[in-house]
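Here the structure comes first, spelled out in structure tokens, and everything after it is commentary.
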Amino acid sequence: MKRKIAIAADHAGYEYKEIVKNYLSEKFEVQDFGTFSTNSVDYPDFVHPAATSVENGENELGILICGSGNGVQITANKHQKIRCALCWMPEIATLARLHNDANMISMPARFISKELAIEIVDKFLSTDFEGGRHQNRVDKIAVC
């Protein structure tokens with residue numbers, strides 16, 4: 001059975017979203033939450049449904065893309081069970097999974113190449129949480 005991945009973007013991330021979605025489609029079941037064009041949109045309209053799908057287990061992990069990666073990350077992290085990491089390098093994505101058990105990442109389309117976006121996604125999806133001492137830290141994130 002294919003792993004289920006949520007993906008969403010705003011207008012600035014639309015092109016990258018399509019590239020990442022097409023890249024992943026052979027190995028993963030990708031659920032696209034939008035946007036579906038380069039027309040200006042409000043990213044929370046797409047991020048909240050994507051984050052909810054990860055939070056409730058409909059999708060295992062999620063990928064978010066906007067111009068800076070910040071707006072979509074901030075929005076996703078409003079969800080109690082989401083740990084979304086802003087990733088601009090593959091090493092950041094690896095550490096986000098290893099140490100923080102990130103279940104979503106955000107990427108800044110205006111600051112990384114399309115090739116780098118694919119590398120980041122590959123690291124995110126191929127790295128498992130290390131647990132151990134990091135589990136205690138992750139448990140302390142959701143105390144409120």
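Along the chain as shown, the residues are counted starting at 1.
In case you wondered, yes, glycine gets a Cβ from its N, Cα and C as well.
Keep in mind that TrEMBL annotations are predicted by a computer and have not been checked by a curator.
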Same-site residue for D-ribulose 5-phosphate (record: TrEMBL; known: D10, H11, G67, S68, G69, N70, G71, R110, R133, R137; options: N22, N59, N100): N100
Subset of recorded positions (D10, C66, G67, G69, R110, R137) lying within 10 A of H99 (active site, proton donor), CA to CA, in sequence order: R137
DSSP-derived structure type at C66 (active site, proton acceptor), helix or strand or else coil: strand
